[in-house]
Amino acid sequence: MSGAALGLEIVFVFFLALFLLHQYGDFKKQHRLVIVATLLAWYLCFLIVFILPLDVSTTIYNRCKLAVNSSPAESNGSYVTLAPSKQKCFKPWSYIPNGIMPIFWRVVYWTSQFLTWILLPFMQSYARSGGFSITGKIKTALIENAIYYGTYLLIFGAFLIYVAVNPNFNLQWNQLQTIGIAAANTWGLFLLVLLLGYGLVEIPRSHWNGAKRGYLLMKTYFKAAKLMTEKADAEENLEDIMEEVRKVSESIKYNHPLRKCVDTILKKCPPEYQERMGRNMDDYEDFDERQNSYPSEKSLVKLHKQVIYSVQRHRRTQVQWQILLEQAFYLEDVAKNETSATRQFVHTFHSQEPENKIIQYFYTPTVEWYWECLLRPWFYRVLAVVLATFSVIVVWSECTFFSTKPVLSLFAVFIQLAEKTYNYIYIEMACFLTIFFLSICVYSTVFRIRVFNYYYLASHHQTDAYSLLFSGMLFCRLTPPLCLNFLGLTHMDATISHRKTQPTAYTSIMGSMKVLSFIADGFYIYYPMLVVILCIATYFSLGTRCLNLLGFQQFMGDSEMTSDLIDEGKELIRREKRKRQRQEEGENRRREWKERYGNRDDSTRNRVVHTDQKESSFSETSTNRPLSKYTRSNGRTERDRIELLQDAEPLDFNADSINDDPLESDSGR
């Protein structure tokens with residue numbers, strides 16, 4: 001069982017990261033290297049969070065074993081028994097043998113640092129480059145990252161020169177490595193506290209507001225108004241870019257050396273624009289004979305970059321608009337069904353996607369009504385209270401974890417109580433819930449923040465390559481200081497607890513922070529207290545109010561601009577709802593027409609075809625016979641009968657009125 005727990009978590013975390021990446025990335029359209037790099041970054045960060053509780057339980061067992069070995073003891077199977085007190089050190093079910101965890105943490109940590117500081121920034125520039133060849137993209141990425149890499153090299157070189165010149169410093173390689181780790185963790189901790197302060201308040205508040213149907217509906221109307229503006233802007237931007245592409249495609253013919261670049265640009269355009277801008281292969285022109293000015297390759301690279309960005313933005317806004325419409329329609333249905341006497345949930349529109357039969361069997365309209373109208377609001381309120389309790393415990397522990405006598409951090413109290421009884425399952429569950437809640441507060445903020453249109457994680461496969469890689473960078477920079485902060489909260493870090501005990505394998509990889517005492521004894525201890533100020537600012541929505549004053553519309557209940565946008569969004573939703581109702585009514589009419597008159601139309605067509613064949617055969621025989629008045633009169637009578645059959649149309653004589661004819665109603669529309 002010792003290696004099974006580690007193996008199971010490694011496999012489970014891989015599929016978890018793959019599932020989340022599938023929700024945001026597009027495996028079919030995005031480059032494979034982007035998908036692999038992002039998946040590796042997410043996987044390593046999630047893996048650290050899930051494996052760290054196993055490291056804590058293994059370390060507690062090793063401490064017990066060292067204490068037993070230092071006193072007379074007897075070994076008995078999987079545990080060690082103290083002779084005087086008969087105390088038993090049970091081996092945890094998830095125990096990992098010595099030597100495995102240090103190697104594991106070293107590989108995971110340095111791989112994540114290589115990704116976040118070297119590979120992912122380079123791939124970001126590579127993904128946003130508009131070059132037409134691999135060499136051109138690599139060149140562009142190196143030029144864009146020259147300042148980025150040069151700054152770090154300059155700082156590191158200056159530090160090495162200072163250490164070499166100053167005789168008071170005698171640093172070895174391990175100490176230089178620890179300084180580098182401390183610098184990376186300091187930058188990560190600075191960003192970690194900012195994101196954590198926002199998540200500790202916003203996550204419980206969002207779940208509490210999730211129980212308010214009116215609040216959710218008003219916020220959806222607000223989002224609809226903002227998204228419509230963004231959608232119109234994206235469509236206008238795409239039209240302008242496509243117009244430039246059309247001009248370039250018309251000016252550069254197929255025999256021009258840059259025509260391959262134009263073809264590459266055309267492949268990135270939407271299909272409807274590709275049909276309009278198909279190149280004219282029949283028009284041969286010798287570009288050397290013309291004196292027209294052709295665009296340069298550099299301008300085509302810039303145009304290629306603009307096309308990729310505008311097409312991605314246009315596709316994202318279209319998909320988000322459809323998703324937002326479904327949410328608005330569903331919330332309006334919930335508001336209508338709350339007063340339903342039948343207690344069965346009725347949808348205004350049927351789902352466009354086929355539903356699972358198993359879900360339909362269990363999730364009946366009655367069950368859906370009880371869940372959506374009665375149980376779900378209370379469930380969200382209870383969950384919000386639980387999350388708020390966790391947030392209060394985290395804030396208290398962040399402000400008091402440096403106190404060891406007495407121990408004020410609640411997480412440290414829980415772990416030490418379980419350590420006395422060696423209840424490893426409780427230890428692992430407490431550690432997992434603690435670090436999982438911290439990770440949710442931090443990572444959810446990463447998924448929520450949006451830096452204009454440069455960084456935005458959009459679900460339903462609408463996130464671009466640049467945002468995916470940037471999220472991987474943030475995760476790799478935030479996870480190590482997050483784990484160190486968790487070990488400090490539980491007093492498993494010897495630097496915080498000031499106990500001469502065996503450290504965890506993760507802490508041993510980080511090295512002793514005593515090399516930089518002003519960071520270990522100052523910044524790491526007192527900077528996390530800033531989370532109190534950030535929580536207060538988030539509770540009173542100071543950041544939202546500042547953005548609103550700067551002109552970035554935010555959802556605020558007491559703002560006149562918010563009320564105007566809510567009214568605008570409500571009208572947009574009402575308009576889209578009428579449009580979809582008309583479409584469904586038209587489809588229902590066509591379906592009824594086919595069901596009612598489909599067989600009759602088929603029989604009429606068969607009769608017409610039969611009479612046509614009969615007429616043709618009659619005309620052939622009549623031309624071969626001598627003309628007489630009998631044959632002429634019979635032919636005329638037959639032709640009149642055929643014309644009447646051809647002019648005949650199926651009529652519904654049982655209809656109540658003329659409006660019941662679907663063809664006439666459709667033509668009237």
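Don't overthink the numbers, they just go from 1 along the chain as shown.
Heads up, the Cβ atoms here are built off N, Cα and C, so glycines get one too.
Curation plays no part in TrEMBL annotations; they are all automatic predictions.
Non-local neighbours of the coiled coil (224-251) in the same chain are 262, 265-266, 269-270, 273, 276-277, 279, 292, 294-295, 300, 303, 306-307, 310-311, 313-314, 316-318, 320-321, 324-325, 328, 553, 565-566, 568-569, 572-573; each lies 6+ residues outside the stretch with a CB under 8 Å from one of its CB atoms. What TrEMBL records for 224-251 is coiled coil.
Sequence annotations record features per position, and here TrEMBL assigns compositional bias 'Basic and acidic residues' to 582-617 (among others).
Residues or ranges marked as compositional bias 'Polar residues' by TrEMBL: 618-634.
Residues or ranges marked as compositional bias 'Basic and acidic residues' in TrEMBL: 635-644 (among others).
Sequence-remote contacts of a segment are chain residues at least 6 beyond its ends whose Cβ falls under 8 Å from one of its Cβ atoms, and for the transmembrane segment (6-21) they are 35, 38-39, 42-43, 46-47, 50-51, 54, 94, 96, 100, 468. The transmembrane segment feature in TrEMBL is assigned to 6-21 (among others).
The transmembrane segment annotation in TrEMBL covers 33-52 (among others).
Summarising the annotation, TrEMBL assigns transmembrane segment to 103-126 (among others).
Taking Cβ pairs closer than 8 Å, the transmembrane segment (146-165) reaches residues 117, 121, 171, 179-180 in its own chain, all 6 or more past its ends. Sequence annotations record features per position, and here TrEMBL assigns transmembrane segment to 146-165 (among others).
According to TrEMBL, the transmembrane segment annotation covers 177-201 (among others).
Residues 196, 200-201, 203-205, 207-208, 210-211, 408-411, 437-438, 441, 489, 531-532, 535 of the same chain sit 6 or more residues outside the transmembrane segment (378-396) yet have a Cβ under 8 Å from a Cβ within it. Per TrEMBL, the feature transmembrane segment maps to 378-396 (among others).
The transmembrane segment feature in TrEMBL is assigned to 425-446 (among others).
Long-range contacts of the transmembrane segment (466-489) within the same chain: residues 21, 24-25, 30, 34-35, 37-38, 40-42, 44-45, 48-49, 52, 56, 109, 112-113, 115-116, 120-121, 123-124, 127-128, 181, 184-189, 191-192, 195, 394, 397-398, 401, 409, 411-412, 431, 434-435, 438-439, 442-443, 446-447, 454-458, 495-496, 504, 506-507, 510, 524, 528, each at least 6 residues beyond the stretch ends and with a Cβ under 8 Å from a Cβ of the stretch. Per TrEMBL, transmembrane segment is recorded for 466-489 (among others).
Residues 186, 189-190, 193-194, 196-198, 200-202, 205, 391, 394-395, 398-399, 401-402, 484-485, 488, 495-496, 513, 556 of the same chain sit 6 or more residues outside the transmembrane segment (523-542) yet have a Cβ under 8 Å from a Cβ within it. Per TrEMBL, transmembrane segment is recorded for 523-542 (among others).
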